[in-house]
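The block underneath contains the structure these notes are about, expressed in structure tokens.
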Amino acid sequence: MQEGQNRKTSSLSILAIAGVEPYQEKPGEEYMNEAQLAHFRRILEAWRNQLRDEVDRTVTHMQDEAANFPDPVDRAAQEEEFSLELRNRDRERKLIKKIEKTLKKVEDEDFGYCESCGVEIGIRRLEARPTADLCIDCKTLAEIREKQMAG
């Protein structure tokens with residue numbers, strides 16, 4: 001059960017992992033100033049490190065648990081467990097790449113703006129989803145279009 005709890009990466013746990021409180025904007029503060037960029041850099045780096053630790057734990061777990069079971073049912077169960085873990089790690093590897101892309105945007109001071117329309121994404125949305133690259137309006141439109149294409 002402990003391992004399952006560690007895998008939850010809600011926005012609140014991402015902030016907790018990074019050891020940061022939600023950002024408190026000051027009146028008249030410029031959007032994506034140095035303090036805000038540092039805040040998100042800390043969050044993204046901590047999230048990336050946590051995911052890398054998970055990948056390392058999985059590799060160690062699979063090496064430790066690898067056994068050649070004579071019983072075909074036991075062997076199949078172990079292979080299914082490993083397959084599920086590998087799919088999860090693959091998703092996490094893709095997320096790590098997205099985090100690294102986002103960190104590059106932070107470094108280039110191009111972070112926090114919608115890639116579609118250029119407006120500010122917003123501090124709260126970015127704390128909830130630090131890798132967001134669309135504002136809520138553009139994301140909603142993209143989801144509606146996606147739904148129409150699928151339906």
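Every residue gets a Cβ built from N, Cα and C, even glycine.
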Which range, 33-54, 55-76, 99-120, does Swiss-Prot list as coiled coil?
33-54
Output the one of Cys114, Cys117, Cys135, Cys138 that, of all these binding-site residues, has the highest number of other Cβ atoms within 10 Å of its Cβ.
Cys135
Determine which residues of the same chain, besides Cys114, Cys117, Cys135, Cys138, have their CB within 8 A of the center of the CB atoms at the recorded Zn(2+) site, and list them by sequence.
Glu115, Ser116, Gly118, Val119, Ile121, Leu134, Ile136, Asp137, Lys139
